[in-house]
Amino acid sequence: MKEVKEALFMNKGEGESSYAQNSSFTQTVTSMTMPVLENAVETLFSKDFHLLQALNAVDLGCAAGPTTFTVISTIKRMMEKKCRELNCQTLELQVYLNDLPGNDFNTLFKGLPSKVVGNKCEEVSCYVVGVPGSFHGRLFPRNSLHLVHSCYSVHWLTQAPKGLTSKEGLALNKGKIYISKTSPPVVREAYLSQFHEDFTMFLNSRSQEVVPNGCMVLILRGRLSSDPSDMGSCFTWELLAVAIAELVSQGLIDEDKLDTFNVPSYFPSLEEVKDIVERNGSFTIDHMEGFELDSPEMQENDKWVRGEKFATVARAFTEPIISNQFGHEIMDKLYEKFTHIVVSDFEAKIPKITSIILVLSKIVG
């Protein structure tokens, strides 16, 4: 089995279950939060960043959907607006698109709109380059980044939480793949501890790369509840665990594979995020809020259409990490079972999806 950093990516290509074809919700979240990104660019210009010849920005965990193009276009448009207002010199925008090496960079760059890049723009020339690697470590030289953006990436962990096996070698989260109502407290504690460790590494790395007064706009999956096992946080993973368990009962998957697998992801609360940032001490929190949105599949009246769409979207971002543990050959059967479970057990209501948006400024000194 591959390590997390080798297996964690969204479904590749442009097929029916690809991330490129199933990232509309992420795009919606990005569009909703664009005013925050626009304000961040405004703030940078108020701090005399327009005196620079080039502004360096990065989209961390960019994946391969159209979301990152919206980010680039927004930054470029705001820079052009501020250049006109301030009558400043022609600026250059350098954008780095980062994700783990397994990301589908080919599809990403094939889809890059020509109007976004090039050097013939009247006010802002834009250059885009891919940067494969883990954002939990250093990616860029010291004091080289002015603006950092990330959408739906920071909640992914570097590994499954440590300490989920007893001294006797027994699985402590047996039959589950994430935190659930039946998980013992040690599972919840292990997940929070792993997120604390990884998010701290993320902040430490960015604190060296971001210039003083530079800005980060981070959007991640999270929760409004203090309970990490609330259905809004664990819905997809809970249903996938049920589907996997059914295949175990049919002898198609080894039970040990289910009992020893824990998803490397954690949806934190606002309080947990705030505590980690404040403990780190490298950034000030300029803005932080949580908001809920209905899953787009809830707009469908037919329960089978709703279930199939939800399963297809879920497959786009869960299949690579799930197939790494359970095998590619079982995936079609697994997600077919998953669809049936969504329809039969949860046809009334798919929980709202909670996001956290966080704006951080690098402390001077």
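Backbone N, Cα and C define each Cβ position, glycine as well.
Keep in mind that this is a model prediction, so the values were computed, not measured.
Annotated S-adenosyl-L-homocysteine binding site per Swiss-Prot: Tyr19, Cys62, Asp99, Leu100, Ser134, Phe135, in sequence order, evidence recorded as similarity to another entry.
The caffeine binding site annotation in Swiss-Prot covers Thr26, Tyr152, His155, Trp156, Arg221, Phe317.
Per Swiss-Prot, site 'Involved in substrate discrimination' is recorded for His149 (among others), and the stated evidence type is similarity to another entry. Proximity of His149 (site 'Involved in substrate discrimination') to non-local residues of its own chain (separation of 6 or more, Cβ distance below 8 Å) is seen for Leu37, Ala57, Val58, Asp59, Leu60, Val71, Ile75, Met216, Val217, Leu218, given in sequence order.
The annotation Mg(2+) binding site is assigned in Swiss-Prot to Asn173, Asp259, Phe261, Asn262. Counting every protein chain shown, the Cβ of Phe261 (Mg(2+) binding site) has 23 other Cβ atoms within 10 Å. Mapped onto three states, the DSSP output places Phe261 (Mg(2+) binding site) in coil.
The site 'Involved in substrate discrimination' feature in Swiss-Prot is assigned to Arg221 (among others); the stated evidence is similarity to another entry. The secondary structure of Arg221 (caffeine binding site), as reduced to three states from DSSP, is extended strand.
The site 'Involved in substrate discrimination' annotation in Swiss-Prot covers Ser265 (among others). The local packing around Ser265 (site 'Involved in substrate discrimination'), expressed as other Cβ atoms within 10 Å of its Cβ over all shown chains, amounts to 21.
Taken from Swiss-Prot, the feature site 'Involved in substrate discrimination' covers Val313 (among others).
For His328 (site 'Involved in substrate discrimination'), applying a Cβ distance below 8 Å and a minimum sequence separation of six or more within one chain yields no residues. Residues or ranges marked as site 'Involved in substrate discrimination' in Swiss-Prot: His328 (among others).
Non-local neighbourhood of Cys62 (S-adenosyl-L-homocysteine binding site): Thr68, Leu97, Asn98, Asp99, Asn103, Leu108, each in the same chain, at least six residues away, with C-beta under 8 Å from its C-beta. The separation of Arg221 (caffeine binding site) from Ser134 (S-adenosyl-L-homocysteine binding site), Cα to Cα, is 19 Å. Taking each of the binding-site residues Asp99, Asp259 in turn and counting other Cβ atoms within 10 Å of its Cβ gives the largest count for Asp99.
Between Phe317 (caffeine binding site) and Asp259 (Mg(2+) binding site), the C-alpha separation comes to 21 Å.
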